[in-house]
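J.: Here Swiss-Prot flags 3-24, 6-11, 17-41, 45-57, 58-63 as disulfide bond.
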């Protein structure tokens with residue numbers, strides 16, 4: 001499984017996920033200046049926190 005890893009809306013960078021981390025995720029939030037994006041691989045979908053504007057979890061290569 002590969003997941004995108006860059007903190008931009010358009011993302012070309014991917015990484016192979018370690019064994020057991022078969023979920024790609026993307027979190028978005030605003031830091032009062034711009035929209036921030038975090039992407040990567042996880043074993044379990046992270047929790048949506050109050051400051052997040054969106055949370056995506058998926059199980060296909062580069063789906064985040």
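Each Cβ is built from the backbone N, Cα and C atoms, and glycine gets one as well.
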J.: Compile a sequence-ordered list of residues in the same chain as residue 24 (disulfide bond), six or more apart from it, whose Cβ lies below 8 A from its Cβ; state 'none' when nothing qualifies.
T.: 1, 3, 4, 17, 39, 40, 41, 57, 58, 59, 60, 61, 62, 63, 64
J.: Helix, strand or coil by DSSP: which one applies to residue 45 (disulfide bond)?
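T.: Looking at the DSSP assignment, residue 45 (disulfide bond) belongs to neither helix nor strand, so coil.
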J.: What's the number of neighbouring CB atoms sitting within 10 A of the CB on residue 63 (disulfide bond)?
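T.: By my count, 16.
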J.: Distance between residue 6 (disulfide bond) and residue 45 (disulfide bond) at the Cα atoms, whole Å?
T.: 18
J.: Cα of residue 45 (disulfide bond) to Cα of residue 11 (disulfide bond): how many Å, rounded?
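T.: Rounded to the nearest whole number, the Cα-Cα distance is 20 Å.
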